[in-house]
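What TrEMBL records for 6-208 is domain 'Phosphoribosyltransferase'. Marked as 5-phospho-alpha-D-ribose 1-diphosphate binding site by TrEMBL: R79, R104, D131, P132, M133, L134, A135, T136, A137, N138, S139, D200. Positions annotated as uracil binding site by TrEMBL: I194, G199, D200, A201.
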Amino acid sequence: MSGATVVNHPLVQHKLTIMRKKETSTQGFRRLLREISLLLCYEVTRDLPVVMHRIETPIQEMDAPILDGKKLVFASVLRAGNGLLEGMLDLVPAARVAHIGLYRDPKTLEPVEYYFKAPEHLNERLVIVVDPMLATANSAIAAVDKLKERGANNLRFLCLLASPEGIEKFNKAHPDVPIFTASIDEKLNEKGYIVPGLGDAGDRMYGTK
Ligand code: URA
């Protein structure tokens with residue numbers, strides 16, 4: 001697996017455009033992120049296996065599909081990952097949640113871990129790692145490293161925006177983990193921001209600076 005799957009749905013692209021605009025308010029940004037995460041979640045779970053289950057409708061019995069296997073895990077890379085997480089939990093309320101606290105050292109751009117908490121039996125679950133911005137990919141790679149150390153072996157990575165540099169680096173580090181994104185932007189700048197991007201996703205969703 002290499003490259004990334006771009007979710008080209010017109011609603012995703014329309015919402016993303018409004019999120020990119022610098023005049024979009026914190027409130028508007030958060031609402032759009034929640035909406036877009038539903039659509040991205042729909043795509044990243046499109047091929048989940050189902051199993052037939054015997055049920056009884058008010059009319060008669062039938063075999064109907066339900067999701068197969070253990071509950072999914074959504075792994076949020078703090079803090080910006082939580083913006084994607086909320087909408088995804090609206091769509092898959094039974095999912096389990098992992099939190100991975102990594103911040104980016106502004107000088108080295110390297111990830112520093114400060115928190116890790118994940119559900120049990122990661123080795124038997126699909127783990128979808130969520131972080132809005134795949135920029136240098138350092139945090140994403142470190143998050144997946146941590147999850148693999150705890151047994152995860154079936155992972156996907158979901159973001160809003162990705163840089164070509166980040167995709168290449170992530171693919172090299174974790175060729176078994178497919179990336180889903182709403183857009184592959186032009187490049188990274190010297191500060192590690194995605195260009196044209198949308199700025200700092202955490203600051204935009206929480207109104208910080
Ligand atoms: N993180 C962000 O929030 N924005 C970027 O452009 C890069 C990393």
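Think of each number as a place in line: the chain as shown, counted from 1.
Quick reminder: no glycine exception, Cβ is built from N, Cα and C everywhere.
A TrEMBL annotation is a machine prediction, not a hand-curated record.
Sparsest Cβ environment among the binding-site residues D131, D200 (other Cβ atoms counted within 10 Å): D200.
Candidate binding-site residues: M133, A135, A137, S139. Nearest to D200 (uracil binding site) by Cα distance: M133. Closest by Cα distance to G199 (uracil binding site), from the binding-site residues R79, M133, A137, S139, is M133. Mapped onto three states, the DSSP output places S139 (5-phospho-alpha-D-ribose 1-diphosphate binding site) in helix. When the binding-site residues R79, D131, M133, A137, S139, I194 are checked against ligand 1, M133, I194 have a Cβ within less than 6 Å of one of its atoms. Look at the binding-site residues I194, A201 and count other Cβ atoms within 10 Å of each Cβ; A201 has the fewest.
Sitting within 8 Å of the Cβ centre of I194, G199, D200, A201, and not among those site residues for uracil, are the Cβ atoms of P132, M133, L161, Y193, G197, L198, G202, D203, R204. Sequence-distant neighbours of R79 (5-phospho-alpha-D-ribose 1-diphosphate binding site) (same chain, six or more apart, CB under 8 Å from its CB) are G202, Y206, listed in sequence order. For the binding-site residues shown (M133, A135, A137, S139, G199), fewest C-beta neighbours within 10 angstroms: G199.
Under the DSSP three-state reduction, G199 (uracil binding site) is assigned to coil, being neither helix nor strand. Considering only the binding-site residues D131, M133, A135, A137, A201 (uracil binding site) has M133 as its nearest partner by CA-CA distance.
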